[in-house]
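Visitor: Can you read through this structure? Questions will come right after.
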């Protein structure tokens with residue numbers, strides 16, 4: 001304990017013992033996010049085109065049973081990742097932090113450098129993916145307006161909202177994510193239940209009709225050949241669905257950590273947001289993925305393909321098959337709002353990641369500039385400019401561009417989760433080493449065993465991300481690059497930074513000499529600093545006065561939000 005206290009320094013210093021964030025007052029972001037803001041910003045990133053658009057492609061490839069099982073698997077994976085990040089962020093909810101901050105502090109700087117830029121690139125690409133999906137939906141109503149116009153409107157509106165004060169952004173995202181998405185998801189689940197029991201216009205009970213053998217069945221024939229057994233084909237279908245389902249969830253857990261530095265009463269609100277986020281995610285994605293398999297057969301030719309438009313959305317097809325008129329337009333409007341909301345959340349997190357990288361001296365110093373209302377407008381603009389890659393949609397089909405972006409961002413997201421879990425394990429070991437594990441303000445069950453298991457699972461998913469292309473009939477150079485391009489980019493960033501940081505520049509001669517450390521992959525556990533910043537966070541927690549409900553309406557609201 002004394003050894004740890006000796007290393008403790010104020011977070012207000014320009015550079016602490018970890019060599020990370022500049023937390024001077026001029027660089028602080030205002031704290032304006034409440035628990036409901038945090039959990040629905042995270043949900044805004046999770047409940048988007050991955051469920052509404054991407055699920056149709058999975059259904060047509062593998063069938064409804066693998067689709068449902070894959071989403072259940074990924075919910076468990078996300079639960080563990082969220083728990084890991086929430087434990088660290090609740091312990092040290094410092095202003096300006098991001099996941100790479102924890103990586104540098106608890107593992108080592110080169111991994112943090114690569115992880116930070118990996119996050120930023122993934123967030124920027126995801127903004128482009130959401131803008132592309134929004135343009136697909138808008139083309140459902142008219143093909144007269146050029147797609148570039150729709151993309152421009154979506155991107156400019158996202159940019160404008162992200163340049164408002166953080167509290168205004170939080171409110172806008174809360175209402176977009178909670179009200180519209182909640183109504184959409186709940187409505188679709190109710191509709192699926194009604195149609196399941198024959199409450200549609202035709203009064204024909206769907207039941208699990210499309211899961212019955214040869215009608216067309218719960219599993220689509222996948223990678224089947226004369227040497228492939230049925231059981232093998234079914235497992236490969238499930239495995240592929242699990243990999244592709246990752247797109248719906250990637251990077252959304254990180255919103256909790258990114259928002260920690262801007263959260264009101266973070267020690268109270270972050271654990272609350274993490275728990276409710278997981279519960280709502282399980283509810284929405286569990287029932288949502290099941291509903292898709294009930295409404296649409298996997299052999300419907302209208303499901304998502306490189307030549308598809310908005311009519312390929314699985315829920316829209318289900319509504320059309322049921323003979324319900326008009327609801328398809330309402331649903332497409334809701335999906336458009338969903339894509340816009342997710343794009344907002346990704347631009348928010350991408351800009352905050354770039355802001356944090358700059359404070360860590362791992363990006364140009366121009367990015368920490370903030371407006372009077374606390375928004376890091378330079379980082380927002382830089383992230384938004386990369387998202388303009390959405391204009392590739394002008395020269396290609398929207399669905400094709402969307403598939404490109406989803407493949408690239410999925411592998412980047414898996415890499416980010418691997419690094420986050422490694423960081424959590426190092427953090428936990430350091431807390432144990434200093435006998436401080438019991439002081440954590442938020443602890444989650446089954447740790448660290450759940451993290452070890454999920455770390456192994458996600459590592460295998462990452463390495464096997466593009467395994468179908470290695471079957472002779474499926475080989476494609478473009479698919480191979482989309483599946484694995486993020487891996488060499490990450491390794492170049494990591495090894496490049498490690499090489500550079502291992503050189504010592506001699507000031508008098510401007511020559512470089514080797515100072516070692518290249519083969520040091522992590523700080524020693526006893527050297528990890530866990531107390532810097534804790535005192536300030538403890539003092540802030542002591543000032544927090546939890547709100548007290550005065551009637552049953554407030555009790556319900558506090559429980560809900």
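Every residue gets a Cβ built from N, Cα and C, even glycine.
Found this in TrEMBL, in case it helps:
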DOMAIN    37-505  domain 'Amino acid permease/ SLC12A'
TRANSMEM  40-59  transmembrane segment
TRANSMEM  65-82  transmembrane segment
TRANSMEM  120-141  transmembrane segment
TRANSMEM  147-170  transmembrane segment
TRANSMEM  182-200  transmembrane segment
TRANSMEM  277-296  transmembrane segment
TRANSMEM  330-350  transmembrane segment
TRANSMEM  371-392  transmembrane segment
TRANSMEM  404-427  transmembrane segment
TRANSMEM  448-471  transmembrane segment
TRANSMEM  477-495  transmembrane segment
Visitor: Taking the transmembrane segment (371-392) as reference, which of 120-141, 182-200, 277-296, 404-427, 477-495 has the most Cβ pairs under 8 angstroms?
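Guide: Answer is 120-141, with the largest number of Cβ pairs below 8 Å.
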Visitor: Can you tell me which of 65-82, 182-200, 330-350, 448-471, 477-495 gets the most C-beta pairs within less than 8 Å of the transmembrane segment (277-296)?
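Guide: Looking at each of 65-82, 182-200, 330-350, 448-471, 477-495 in turn, the most contacts to the transmembrane segment (277-296) are made by 65-82.
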Visitor: Taking contact to mean three or more C-beta pairs under 8 angstroms, with sequence separation of 6 or more, is the transmembrane segment (65-82) in contact with the transmembrane segment (448-471)?
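Guide: Contact between the transmembrane segment (65-82) and the transmembrane segment (448-471): present.
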Visitor: When you scan the chain for residues with a C-beta under 8 Å from the transmembrane segment (448-471), skipping those not six or more beyond its ends, what do you find?
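Guide: Same-chain residues near the transmembrane segment (448-471) but 6 or more away: 76-77, 80-81, 83-84, 223, 236, 239-240, 242-243, 246, 410-411, 414-415, 417-418, 421-422, 424-425, 428, 479-480, 482-484, 487.
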Visitor: Which whole-number mean pLDDT does the model give the domain 'Amino acid permease/ SLC12A' (37-505)?
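Guide: The predicted confidence over the domain 'Amino acid permease/ SLC12A' (37-505), as a mean pLDDT, is 82.
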